Amino acid sequence: MLTSASQRRSAAASLQQGEKKIRVYDLRLETEAKTCKPFEIAGWDFNDFLQALHKVFGIPSFETFVVATTDRIVLDFDRFKELQDGSTLYLLQDEHQVLPTATVENISFTPHYDTLIKGGTYEYYASENKESLAYPLAELIDNSLSATAKNTGTRIIEIRMQFDESLGKPAVIVLDNGRGMTTKQLNKWAVYRHSKFTKETGSFARREEDYVRPDPVPRSLNSDISYFGVGGKQAVFHFGNVVRMISKPVGLPDVHELVLSEEEFERKEKNKEDIYSTTILNRKPGDFSHVSEDERFLRTIIDEERGKESFTAVVITGLKEKHISFLKQNFDAWTRHLAHIYHYYIHGVNGNDLKQGSKKTAQQPTIDIQITLREKPNKCPRVLNLREVDDDMQTLYINSAADTFEFKASSGPGGGTVEGVLRYHPFLYDRETYPKYPEDPEDPKDPKDPKDTCSANAASSENDNLENEPGLVTQEERKIFECFWNGRLIPGTKVAEFDWCSRKHNSRTAADIPPECYRRLSGVLFTDDNFQVTTNKMTFMDLELKLKNNQTIFSLVLNGQKSSRGNIQKEFTQWLRNCNEKFDKQIKFVGFNEIKTRTDVSSKKMQHPWAVFSAIEWGGRTYKTGQLVKTHNTNPILYGKVVQFLLHGNFDGDVYATGGQVEVSREPKALWDMNKIVPISKIDKTATDETIKKTIDSDSEKLPDKLNVEWPNGNPLQNNAILSAGTTLGPLKIDILNKRGEKLSRMSSVGQGKGTKLCVKLTLLHHGQKSDKELAAYVAPHLGNNGFWFKKIENLTELGKYTLNLNTVVHETNAVSFGGRALPTFTLKFTIKEGDAASFDISAMSPTLRVGVPFDIPLQIKDGYGHSTTLTSKLTPELKCCGLDLSYGTFSSSGTTFTIKNVKARGKVLNYQQSKSYDLEVTLPGLKQHTKSIKISLLPGIPNSLHVKPEETSIDVENGDQVTFHVEVHDEAGNITANPKQIVRCEVKGFPPVVTDCSSTGAGQLVTKPINLKIMKGEQQELKAQFVMPSYKNIPLVMKELRVLPSTRVSVMELYSQDNENLVLRNSEKIEWIAGGLLDNLFYKLYDEAGREVLLTAEIASMIKVNWTGDVFLEDLVKGKLPDLQVPKRVGEQRFYQVSYQDQSVSVSFTIVPRPDEPERLKVALPQTTVKLGEILSGNISLELVDQYDNLTKTLTPTCLNHIKVEAEGLDKSAITFKWQDSSCAAMVTGIRFQSGSLGPRELSFSYSDFVEHVSIKVTAGLPAQLKLISEPEQPLQVLNDHGISKPFVVQLCDEWGNPSPDQRVVVDIKTSPPGLTVKTNVTSQPVNAEGKAFFIVNGLSGPKGYYQLQFKGSFNKKPIPGPSVSLTVLPDPKKPVSLSVEYDTSVKFFAGSKFPVFSVTVVSDEGSPITTFNPAAVSMFIWDGVSSGKKPPERAIELKCNKPTKNEKNDCFHFRDKDIPEEARRHTIQFSLRIDKKDVLYSNQIRIDVVANQPVKLGPVSQTTTPVVSYSEDIASRTLVENMTLRIMDLYGNPAGQDLGGKVIITIKSSDGERNKSFPLFERGASSLAINLVEGKAHIPRLAIRENSPGDNSSTYILVFKPEVSVHLITLTAFELPFLFYNDSQNQQKMSELTRKKDELSSAIEKYNETLRTYKELLDLLTESCLIASKKETDFKNELRQRKVTIPHPISAQHIDTLIKKKTTEAEAIQKVSRRVFSVRDNFRGQADVLGMVGHLALVQDDAAAWVISWHIRGDMDCVITKTTEAAQQIYRDTQGRQQVMALDSVLVPPGKRPLPHIRNGYPLFEPHGNPVYARELLIYPCDPESCDIVFKNILGDTILIDDLDSANNYRRAVVQNRIQCPTILTRQGDRVSSRGKFGGAQNRAPPMTTLHMFGAPLPQQYHSLKEQIDLLSQYCSAVSKREETERARDDHVKKITSPDVRQMEKDLDDKKRQLTEIEKELASASAKGMKRRAVDGGQPSSSISKRARQSST
């Protein structure tokens, strides 16, 4: 309550100051309820106000609160004094509290006084181009550009055209991500003409709101274009009648809304209210409760506010219909205008250069201006980023310009600087490239015909004032410069060219420049705000006046800097001249052929070089080689064909030029035969092909055209006539005619003198099968008026096709063409065929014929010349042969063959092995030679009949005996014949058939099986024997009858019983007997086939066998008694019994059927012994009365059912039923069910009469009904990708009562949801075990990162059983390698023997980051020849290791450098591997390379050659040096090279000792050297020999030299040299040749032995070195472990090392489990493609204080998800519907490198700082992908500094600023913040408690990393020990191998071969010495003399 003193003060102050009313909102409570109270504060101080607040709002004295303005400026004593009347205040818990509900603030916006004083300057609608809506939209974009000017990231401006009525009324929305506006700034925006230059004073003024002029930047792109406080308000009310401003300022939590409405203005005016007053709505982000239904589209915009740091949205409604139509229909036009206006803001200082791409500076963040037009619900919105527009005028200017000229203009002191660019748009081919406005219609005057263009150009050169650009003004009026103000286009101002760049002022110095070049210029000027523009930014006020001022200085700009070189007019003129010469193109030369020298040019300077082309493109037409052309203004006018186009200069491809020359061949060439070169301009482009061809054809009519052929003797021969052999041809008369029909004997004359004389040549050709043969060739001269004559040609007897050719030829030369044109010819084709039949020949027949087998006799019919011909008349042939009967069937004639068919010969011949010759005579009556004979041989014919012996038809045989038959096979003449498959078969019914083969001899023997029949009563029986030949069905069968007589053998047995005389056991009889009884006193008798009883003897009795016992007594059997027989005890067990004699040949068998005895007990049969609880026992329980052996007695009847009872514990008797079963005579019990009681055995009791039976049944669990998880890992469950879960999952199967069910028919499956997860388990599906449990051990989980469920489901009889599920999270394993990425220069060629390019191999982890922890020794490079079919390197592959990285190479990959490329040129394969552990190896994809030959250096043979030994003998083989040898140009390694080289190989002979005067052998034909062609780098020598009797020194060694000479200069190839031995006698030569061959073989074998032994030695050295290296590495690791206090015992024990590793691993895992600080926000996106992760998870901070203050400072970014690509960010944005904030690294630009702290300059501190300053980002630890994380935090934290305390921070900032250095934000470890503007203090600059923040996680302690290093060292030490042992073992094995007996034997063999080689070399040397001595004795006689050599041999 106010005291009286304060009341008096307030009253006094009120009288002095007047009223001051304010409103206060009580917003302390987090509810939507709000309390607003007015206060009159006139005369109060701040204490008075606070007391009033406590009283009015009932605030307890102990409660803390703040009072702040709507801009969140906290009141204090000074600020309270400056409160204005009508202010609105908030009562809050703290200044950052979020508004629980919206509030309203009253404002006024009285227009500024500038409205009066500047109202008449220019207004928006007074400017030009007012039809376009792009310019008012530009005013709103200007505001957004200014608002986003200080953004460090992407500046986003979005214009949404909302015309979809389903979302509400039409609207235009402009949004940006700028710094936003406070309520005060929003109030200022509403004030008309409130300029940004108007500064605010007082304690409520924010420093950042004051205007600061931006620093100069290139092109003035400073975003300082929101200027006058006019354009934005004019623009919004130009579009519509309502504007809603929505803004959230940076650093403040509230959103402010201001609505201005034309309707509201009118209402207030009408009601005489204050027009310029309204309210601002203050609310929290995302609160759209105040939005009406017709503006429901605003809900989406407001919903997007959440998470935004700051923004502004301008929403215009009440749109005019004409504007809506314009925006829809002209979308492309007005967006193009906007792209033009902001071209350089969008694309950077260089503009939209589509050829090179836009380039931005590091100080220019990306600006995205996006337009969205939404029209209808079902129509897809149109979305356009202005960066995508590529047809705005500046883009067209930039991309059509060939060159630029940059300059600067200074308009005097304080006048500002203008940057200018001139662009040149050249004339290309047939058109100007100066761009036109896209909106301009096609100019009807614009010439489309290229000829019109050329005419226009010609006219332009004659009249400078004619303009070649349609739609532009004349040169004097044309304004070429577009003007940009602060980087923004001012569309209404264009500046004309300056004096220094106009043709008018350069006419003298640039007379050589065509005037049209000045009309090919466009330009652009860039100014800053030193030049004034109108308030609507449509035109400049003073730009052109200032620039045209005499004080304006223009200077040239080179490479961005002013140049002091020359004056600008001179520089411009030279630049324009260069552009004209370099870029203006009129004629395009295409089809480059070669560079040539022209000797027809008089000037030697101009003779070379001339480029030859095959075509030109000129004036829209193409002229090609061979095309008809006509010249003009030449003497004479040329009509002809283009030969080639010539252009002076050194070119190698298509080129453009203004002129050139063309070579024309004059036509017709036969008349003129001349070529002429004229300028291309001489080509008459008006001449058509028709007129040119007509002129040429007129001259062609004078030339010879055809031959006229006459036949003087008549009967002219027609083309393709057919003549008989012997026909005569000719005589012929020929005339030469031209096209006019005139006869010619000479060529027409084209000058003085007579023409060339002509003749006619006749040739007659016969066309053979292989080649043509010329039969006649004559040349006929002209015979005056009689033309040309040829005599007749006779004796044409050869058959075939003929051609008669008549050719016009030139006299004396016989040329068939003249002037390149073929002379007329005449061709006649005819055919000679055979004559009439005159004789015949008998064609070849089979020499051996067979009796009765038909054969054909073919005859070949001949004419009189021996040609095969056909018969023209019918002839009947006649056949004769002595000793044979001949006949034939028919005869036929086909073509030249006459065939006598089906000839048969019959008669007796020799046996089947011999043949007899006969003379067969054939006669054809009617021919000149009608009879001819041929010899034939005849053999027996084919089988015709079968002959069987004995010949009697009936044969007797005793039963049991065999029968023998003899058979023969006869032909039709009765000859015994032998043929294939002559099988004779004898079949006797009832017995197996027998066969014999008569194929070889024609006869054979058959013996049947013994005849065994069962003869009854002694009667004989008859059988039939049948003889057939199965393979010859035509031969009739032969039948024989067999009579079988009875024998005395035993054939019948009889059984009987003496106890029962009536009992006789018959064969196969069944006998009933009581079960378990005995059958005794059995006797038997035997009878023969005649029915006589056989007397029993011991011998006969011993052959009696019984099958029921083995105990048989011979004495009883002799008496006829058999053993007793025991009957089976079971009814139904029928048993078979048998008594047999002599192996069952005679036997009696019977069957005994047991029958039951009397009933003994009640038998109960359970269908199963177990029953499930609650289930009825399946099946029927059977009740039977049985005897003592359990046989059913069938004494139970249906009436007994009423007397049967069942009892048991817990038995449900309600379901029990009794049924009678007639088939088994048993009672059936069903419905046994137990409903209660424990599980286990139960006893069932059944009773009937006196019979009682007890049975036991087991009660088990009920049907499976559910699954329970009785063991699982702890939750929450997180698993690294491809890792397992240590604890198994145990699932229990239960029934519905919860009892464990052991039903193993139930199968339990483990599945995942969603299905993208792969589970590696021992089994994925398994039945439960005997306890009803299923165990699942998850060995690994692999799949994309995310949340999954493991579901356990059962199935029973295809019915599902529900089960539990377990939730888990799969995280990517950053330590798991999944692939190898290989980078190398793919453009290089792999030359054999050179070095590979550097291969960089990156080990890629599961999360996509590189892994650098692997030992370089684990990475290998394999290379092998060929292509492998598998995925791994083959055993032959060579393994290479990586190199250490150089300074410039990346450290996150392994580098393979300076590796040798294989020396063999062929396809090779490269593959890289990473050995992960002892078992697992990761391979890269196989890289296939083609190793190509290196540079050609030598000539060599394709295959190895031996040393030749030759002599000068006559034998060519002895003189041959080489034979079939191919030489190739090769590289250093023997690979074929130089396939593109050609030339010669010069072969010479030189001495092996270098003597020059020595006598050398000569090649064949006496040549001392030979040359062979070298084609495609290859030369083949079929044979190379010395001359017979060649000179040379005996026993000398010479060298064959093959010297290549290629046509390419600068290539020198080494010759191939082949030594050979020369001898002068062949014997010595052969001996030496053999010795030389042995020497070569021994040398080759010794070389192979040496190579093998050398390899063994090198391998031993290598293994020794490997052992030393392995030992050293082991020692190094051991020393390293000792330094780290890890003791390794001696001797080394692998078990001890493993124990150490396990111990330290356990310690590390224990440390890892200790609780530490973590970032608790879950990252749901990490692990997805191109996702780096959430900011809070990307870094760790060791220091708690640093983690606390840094996390608070960037708290708004901690949950931001960082992606590597914009596409991934957009995908997350879409998936979360915009709720998740994201940032893409490819849209972030940060300065490279590390800059020093601000107090350090040039490496030295400017002062000594206190408080340990450090960049905050340097305290961050990046667990993964440090490079990307460094970019992230450079972007988020920037240069924020961390220091110990606030005093140190303020002192540091002051010292930095005093050195004129900008100081970034400073954080303190105590939780304070000093902003980059110097602001500190207050709740907003103080970090809240740690418990309220999500903080960065803490890294693992150093002890953990030390343990991991020790574990790694121990593992490496263990590997080193294993490696050392392995290398030592390999070396020991190799030493054993090289000391083995095999290697010792190899060394011994080597010594033997060396000794043999030495002996051979001595022998060769001795022979050579003898030859030398012999030459000395000969007295030096010339060895080259043949006569002397002959004389020497004779002596």
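Any Cβ shown, glycine's included, is placed from N, Cα and C.
Caution: TrEMBL annotation is automatic and unverified by curators.
Residues or ranges marked as compositional bias 'Basic and acidic residues' by TrEMBL: 433-452 (among others).
If you look up TrEMBL, you'll see 433-472 (among others) marked as region 'Disordered'.
What TrEMBL lists as compositional bias 'Polar residues' is 454-463.
Residues or ranges marked as coiled coil by TrEMBL: 1632-1666.
Annotation source TrEMBL lists domain 'SMC hinge' at 1729-1853.
Look at TrEMBL and you will find 1924-1936 (among others) tagged as compositional bias 'Basic and acidic residues'. Counting residues 6+ beyond its ends, the compositional bias 'Basic and acidic residues' (1924-1936) has Cβ neighbours under 8 Å at 1656, 1659-1660, 1663-1664, 1666-1667, 1670-1671, 1673-1674 in the same chain.
Marked as region 'Disordered' by TrEMBL: 1924-1995 (among others).
The compositional bias 'Basic and acidic residues' annotation in TrEMBL covers 1944-1964 (among others). Distant neighbours of the compositional bias 'Basic and acidic residues' (1944-1964): 1621, 1632, 1635-1636, 1638-1639, 1642-1643, 1645-1646, 1649-1650, 1652-1653; these residues of the same chain sit at least 6 beyond its ends, with a Cβ under 8 Å from one of its Cβ atoms.
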Residues of the same chain, at least six outside the coiled coil (1632-1666), with any C-beta under 8 angstroms of its C-beta?
1506-1507, 1509, 1595, 1621, 1623, 1927, 1930-1931, 1934-1935, 1937-1938, 1943, 1946-1947, 1949-1950, 1953-1954, 1956-1957, 1960-1961, 1963-1964, 1967
Averaged pLDDT score, the domain 'SMC hinge' (1729-1853):
91
Helix-strand-coil residue split for the compositional bias 'Basic and acidic residues' (1924-1936), DSSP-based
13 helix, 0 strand, 0 coil
With helix taken as DSSP H, G or I, strand as E or B and everything else coil, how many residues of the domain 'SMC hinge' (1729-1853) land in each class?
53 helix, 23 strand, 49 coil
